[in-house]
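Peer 1: One structure is given below, represented as structure tokens, and several questions about it will come after.
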Amino acid sequence: MAIERTLSIVKPDAVGKNAIGAIYDRFEKAGLRIVAARMMHLTRAQAEGFYAVHKGRPFFNDLVAFMSSGPVMIQVLEGENAVAKNREVMGATNPKAAAAGTIRADFAASIDENAVHGSDGPDTARAEISYFFADTDICPRTR
Ligand code: IDP
């Protein structure tokens with residue numbers, strides 16, 4: 001299976017709960033390697049740009065307000081089938097529907113504040129990674 005990269009964000013609710021380390025542990029236990037990371041407090045404009053695909057949806061304004069409400073931890077995850085594997089580890093968008101043991105089941109309070117973001121496909125992953133990281137920011141493992 002191909003080695004892929006995906007873009008992951010620990011959202012403001014989970015950062016506020018001091019759960020960055022616990023969530024990183026889920027990624028690493030699933031075989032996903034963190035190959036780039038940065039903490040940011042997104043501006044409204046940065047959050048709007050990142051979620052531009054959702055512009056016009058009824059939840060867009062709340063989503064942008066939430067994503068710019070506090071610091072987020074942004075990372076590139078690398079591994080076999082990383083896009084789908086990360087989605088599996090995250091769980092369903094609505095935590096009430098998320099499988100037991102997933103990040104959203106364990107850390108998210110609602111569909112609006114659902115702990116993590118993960119790219120939904122390889123093309124989206126490439127675009128989302130380049131929204132936050134230059135190629136030179138990414139540190140593939142050498143051992
Ligand atoms: P995803 O984060 O699981 O990929 P998307 O459909 O890409 O889900 O939606 C982006 C984010 O927008 C979700 O994580 C969630 O926080 C929010 N969202 C999506 N659908 C709804 C909704 O129906 N009501 C409220 N918020 C929503």
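Heads up, the Cβ atoms here are built off N, Cα and C, so glycines get one too.
For reference, TrEMBL lists these features for the protein:
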- His117: active site, pros-phosphohistidine intermediate (ACT_SITE)
- Lys11, Phe59, Arg87, Thr93, Arg104, Asn114: ATP binding site (BINDING)
Peer 1: Report, in whole Å, the straight Cα-to-Cα distance of Lys11 (ATP binding site) from His117 (active site, pros-phosphohistidine intermediate).
Peer 2: 7
Peer 1: Over all pairs within Lys11, Phe59, Arg87, Thr93, Arg104, Asn114, the annotated ATP binders, what is the largest Cα to Cα distance, rounded to whole Å?
Peer 2: 21
Peer 1: Cβ under 6 Å from ligand 1: which of the recorded positions Lys11, Phe59, Arg87, Arg104, His117 qualify?
Peer 2: Phe59, His117
Peer 1: Fewest neighbouring Cβ atoms within 10 Å: which of the binding-site residues Thr93, Asn114?
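Peer 2: Output over binding-site residues Thr93, Asn114: least Cβ neighbours within 10 Å is Thr93.
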Peer 1: Validating a neighbour-count step here. Other CB atoms within 10 A of the CB of Phe59 (ATP binding site): how many?
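Peer 2: So the number of other Cβ atoms within 10 Å of Phe59 (ATP binding site) is 12.
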Peer 1: Check the DSSP secondary structure of Phe59 (ATP binding site), expressed as helix, strand or coil.
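Peer 2: DSSP assigns Phe59 (ATP binding site) to coil.
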Peer 1: Using a 10 angstroms cut-off on Cβ to Cβ distances, just flag whichever of Lys11, Arg87, Arg104 is the loneliest among these binding-site residues.
Peer 2: Arg87
Peer 1: Where does His117 (active site, pros-phosphohistidine intermediate) sit in DSSP terms: helix, strand, or coil?
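Peer 2: DSSP call for His117 (active site, pros-phosphohistidine intermediate): strand.
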